[in-house]
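**Student:** Sharing a structure, written as C-alpha cells. Questions coming.
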C-alpha cells in the first residue's frame, strides 16, 4: 500500500501468476501434449466427436448444479451486459450444448479444456484453481449399462496407453441412496450424508461419523448402520453376492435396481477385459449433485513414491442433468481425466537430463572463419531458407558477426551442425557435423563431411529418415 | 423476469452461450486442429518453445499496456483475494513471464490460447469476444532486424503450409513518429494520431482527417501534411528510396533510424525469399501502445469471396514492454495469428459433403440374424475389444437386441462393417464388408468376405495400411 501511495499513477505490478495458477513451459508442455494425444487417440477410437465451449457461461447456466461446491465458482465482474461465470467443469457446458441442440439425440463427445475453481490451492497435491479436464461422455437412450461399460473400457485403454497401473473404484447412486434409507437416513439428508461418506478415502470413520452426527444432525445409531455398509469393498461379483444376501438391503427397491445394473455391468466388463481393474467400493459417493446411477473414481494402483495424489479420473451417470435445461432430456454417462495429476505422476518418472527449455531443433548453422571473417550472415540465412523449405528444423545465431564459442554453445543440444567457411562456400560446399555419431565407433565421414550445397537437404534427411518422411 | 418471479427458487437458465462467444464441434474443430498443427510445425522448425499461461492475470499486470483498448478487458468479480482480469492478448503474459524468469536472456516462445475482449461482437466478420491467438515471439539482444526478418519468414511458411496467398503490410514506428513530427504533430498526440491513421484500411481519408481535427484537436494543415505521408505504399526498396529523397523526412533522426532498419531488412528478406510478399504501407499504425519498431499486418492477397475480413496475422517489435515490469528489460519481436479468421477462410473452401458431426470411425460392428436372433451383444463387445486392442476405431449399437436398419444407418459414414451372424460365429468367422470398394469395379471378395476371428485384425489393417502403421 505504501508503494502505491507513493506512486499512485503507476503501481508496479506484482510479478506472479494469480493464486492457484501457474505457467507451463517447454518439456512440461510437450509431456502434457503427449498425454492429450494419447487420450484423444482413445476417444477417437471409440467414435468420439470433439466439442469446445467458451471458458465462461451465463451465470444461470451454472446455478444449482454443484451443490455445496457452487461457492467455488469464479464470477466475472458485472461490467454491463450479461452476468457470466468461469466454467467449473466440462459436464454442465456439455449438458447446456445438448439441451440447445435439439437435433442431436445421441453423441459421444470429448472435450479437453481448462476449468476454474476458487478452492484452497495445494500445489504439492496438484490442486490448482485453473486446471485441465479431459472429458468423454456418451449421451443417448441406450440399453442399460452398455455405454457405462464402454466408458470403463476407455479408462483402461487410456491408462494402458500411458503405461500407468490403475484401480477403478465403482459404486451406484441408487445402492448408496437405498442403503441410506435402510439405515434410517431421512431422504432430504441423502446428499449431505453422501458428501460426508465421500470423505472416507481421506478421513477416518471416526471423523466422518462425527461430521454426520454433530454437523449434519444424524443419530449415532443411524450413522453406525451407515458405517456398516459403506466400509465394504471388493470384487464386483463378490460384492454383488454380499449385498444380495442382506435381506434388509435386498428388500429395498432402490438397492435392487442398482444391483440389477451391477449384474449386467459385470458381464460386460468380463467380455471387455476390464473386470480385473475394478473394485466395488460402497464408500465412494462423489460430491456432485447430478449423478444418478453408476459412479466411479480412478486411483493409481501404487502410490508409494507420490503420497496421496487423489483420484486421477472420475465420472458417472447423470440422466437428469440435460433435462434441467428444458424439454430435451437425454441420459448421459461420462468421464473426466485429471490431467494435472496424471502429469505429475508421469513427470516423476521422466528422465530429467535435458533442461526445461531445450528446444527440438535438427540443425544448427554455424559460421567460422579466419582474419577476414565477416560473419557470413546472408549465407547462413540462405542455408536456413534451404533447410526450412524442406521442413527441417534449423537455427542460427541472430548476430551479424558471431564468435565461434557462443555458436557452439547454442548448438550443443542440436544433433547436426552445418558449418560454413568462406573457402568451402566459394567451392559450393558446407561442412556437415553429426554430434550424435560422436560417441559411437563410426566412420569419420559420418561425423564430419563436406557436402555440396545442392546435396545438403538430401544428406540431412539421410541422417533423419523419420523426420524426412513425417514432414514432407 | 415474469418467469423468475413465478418460480423464484429455480429460474430456468437461458439456453445460449454468452454474447460474442460460440461453441465449436466436430469437423470445425478438426479443421482448427489442422491449422494449429500446421502453425506449430513451423514454430518448432524455427526452434520455438511452447508456453502456457493462466487465462487470467493479476489486474495490475494488464494495467497501462493497451491504451484506449483497456476498457475492453474482462475483470473477474472481487470475491475476496486478488483482483484478476482475463488476458487480453498473449504478449503481455509472455512479457510478465519473461520479467519473472530472470534466468532467461533469450527465447523463441510460442503460445496458442484463447484471449478475451469485451468488444462489440460481429460474428459475420469473425469478431468474437473469446477467440484464439497463436503467437510466436523472439526475445533477446540480437543484431538489428535479424529476428524481425525471421518472424516475417515464419509468416510466409505458415501461410504456404495453409495454401493461402497473402500480403504482409509493413511499417516502422519510428518512421511513423518521425513523419508525424515533421508534419507538426505535438509529441504527446503521437499515439492518438496513430490510432486515427490506423483506421485508413477501413475508413476514407476524409473521415480520418475529420477525426484528427475535430476529435483529436489537430489543425487542418498538420492533418493534410500527415495525409501526404501516410497514404503512400509500395515495394520495400521503392518506398525506402522515395522516403530518402524527401529532404524534410531525411533530416529527421527518427525517420533516418527507421529507414536504416528497413534497409537492413530488405537485404535479409531477399535472401529469405520473403520480399515478394511484402508491401511497405505508411498508413499501418497498429493500435497498441507497446510497439517500438517494425510493425506488420497480414491480409489475404485476394478477398473477393469473403469481403473485408481484416488482418489474419499481425505483430511488431516491442523493446520496452518487458522492462515495464522490473529490472530485466529484454527486447522482443513477435507475431500473432488470427486463428478464427484463418479458419473462416479455409472453411469457405472446404468440401461440405459430410455432416458437422460425422465421426472418424474405421469399423462398425453389426449383428444380424433370423428368428432366434438375440442381438449377439457379448459377441459384438468381444469383437470391439479385439479391434480396440489393435488400435482400430470401432463402434457398435448400444442396444441389447438392435434391429438391422438402425445399425446400417449408424454405419453409413463408416468405411468397414463387420457383420456377425450366429452360424458364422459358431464356425469362428465374421463377415467383413468394405463400403469404400462398393462403387469401383473390384472383386466381390474385396467388398464382402468371410474371415476367421483370428485374422480379423490383420484383414482390417490390410484395408487401412496407413492406419495400421500410424497407430502401432
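One is the number of the first residue shown, and numbering goes on along the chain from there.
Note that Cβ sites are derived from N, Cα and C of the backbone, with glycine treated the same way.
TrEMBL: automatically predicted annotations, no manual curation.
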**Student:** Given that TrEMBL assigns B:89, B:90, B:91, B:133, B:137, B:286, B:290, B:291 to the L-histidine site, pick the one from B:101, B:117, B:118 that the record assigns to that site as well.
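**Tutor:** L-histidine site check in TrEMBL: besides B:89, B:90, B:91, B:133, B:137, B:286, B:290, B:291, the record includes B:117 out of B:101, B:117, B:118.
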**Student:** Record lists B:89, B:90, B:91, B:117, B:133, B:137, B:286, B:290, B:291 as binding L-histidine; longest Cα-Cα distance in Å?
**Tutor:** 21
**Student:** Should residue B:91 (L-histidine binding site) be counted as helix, strand, or coil on the basis of DSSP?
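**Tutor:** Residue B:91 (L-histidine binding site) sits in a helix per DSSP.
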**Student:** Would you count the other CB atoms within 10 A of the CB of residue B:291 (L-histidine binding site), including those on all shown protein chains?
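**Tutor:** So the number of other Cβ atoms within 10 Å of residue B:291 (L-histidine binding site) is 25.
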**Student:** Which residues, sitting 6 or more apart from residue B:286 (L-histidine binding site) on the same chain, put a CB under 8 Å from its CB?
**Tutor:** B:171, B:194, B:198, B:295, B:297, B:314, B:316
**Student:** Around the Cβ of residue B:133 (L-histidine binding site), how many other Cβ atoms lie within 10 Å? Please give the count over every shown protein chain.
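**Tutor:** So the number of other Cβ atoms within 10 Å of residue B:133 (L-histidine binding site) is 20.
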